[in-house]
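Worksheet for the structure shown next.
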Amino acid sequence: MAARIIDGKALAQQVREGLAKESAAVLAKTGMKPGLATILVGDDPASHLYVKSKQKACDAAGIYIDDSKLPASTTQADLLSLIAQKNADPKIHGILVQLPLPKHIDSKVVLDAVSAQKDADGFHPYNFGRLVEGSPIFEACTPKGVIKMIESTGVSIEGKRAVVLGRSNIVGKPLALMLLHRNATVTICHSKTKDLPAVCREAELLLVAIGKAKFVTADMVREGAVVIDVGTNRLPDGKVVGDVDFDSVSQKAGWISPVPGGVGPMTIAMLLDNTVESAKRMAGMK
Ligand SMILES: Nc1nc(=O)c2c([nH]1)NC[C@@H]1CN(c3ccc(C(=O)N[C@@H](CCC(=O)O)C(=O)O)cc3)C=[N+]21
């Protein structure tokens, strides 16, 4: 049987509509829209595209955008002083430093300099620690979006066998924790995992963030599983594909998310969600 599709694009649209109402409520109460500062260093064309789509989504959701574009030659000290300025600016409730940063800049130092109270990406160690503890404030956007996508299927997470492929600090690790807090039995797989296909075949929830085009094939998937594809890989012909071989896996899974139109749009929606939540917290509305 063919899998049902988890339509991240439609789900993101729904989220944005809800946020537009909440932004309007923040504006009515405080006289200020929720504000997101986007900071982009250098001229990587993909990064410029991503930031543009984030800004477009903000506009539609009634979020104020403070746009900084800096040349690739920007020093780390200059970037840190811009961040300090945004940390102190009352119009700003969320700060996004687009990754990757140029090589001469230490990303860790930069991300740690973003105020934990404005960390809309959820990358600051304080927020990561709060997540580990089980009392998160800002949650990283991609894993947060993945959880919403699972929830949208109506398949419960509690008690399920979840397998996360990938252990990055921005997706795999936080996603595993979010699943654990929802009472899944969680396995994290990585490049040293032995007999990875056998582990994947046990998964009722298979969450794939391994960064390799079409890595997961039907033989690695349990019949009826929920499969969420976090990958964005550009093939030589320019086509964007995920980490899951959609054509074969969609014949076996119960639910599957496509790429494009899956996790990507939800990641952006969760950035807006974090920004609006932050504005509400700062306005004493939650
Ligand atoms: N500080 C920071 N935060 C991020 O969240 C962040 C980042 N840096 N650096 C780069 C990655 C990548 N990322 C994506 C967001 C949306 C899509 C997305 O919406 N993609 C579309 C279209 C893809 C296409 O066709 O090119 C889709 O999947 O439907 C993809 C990738 C956020 N990132």
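Here, residue 1 is simply the first one shown, and the rest follow in order.
The backbone N, Cα and C atoms fix where each Cβ goes, and this holds for glycine too.
Copied over from TrEMBL:
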BINDING   G166, R167, S168, T232  NADP(+) binding site
DOMAIN    6-121  domain 'Tetrahydrofolate dehydrogenase/cyclohydrolase catalytic'
DOMAIN    140-281  domain 'Tetrahydrofolate dehydrogenase/cyclohydrolase NAD(P)-binding'
Cβ contacts within 10 Å for G166 (NADP(+) binding site), all chains included, total 24
Restricting the binding-site residues G166, R167, S168, T232 to those with Cβ under 6 angstroms from ligand 1 leaves T232
T232 (NADP(+) binding site) has its Cβ surrounded, within 10 angstroms, by a count of other Cβ atoms equal to 19
Filtered by Cβ under 8 Å and at least 6 apart in sequence, the residues in the chain of R167 (NADP(+) binding site) near it are K173, A176, I188, H190
G166, R167, S168, T232 bind NADP(+) per the record; greatest CA separation between any two, in Å, is 16
Grouping DSSP H, G, I as helix and E, B as strand, the residues of the domain 'Tetrahydrofolate dehydrogenase/cyclohydrolase catalytic' (6-121) number 62 helix, 18 strand, 36 coil
The number of other Cβ atoms within 10 Å of the Cβ of S168 (NADP(+) binding site), counted over all protein chains shown, is 17
Per DSSP (helix/strand/coil reduction), R167 (NADP(+) binding site) sits in coil
Simplified to three states, DSSP reports T232 (NADP(+) binding site) as coil
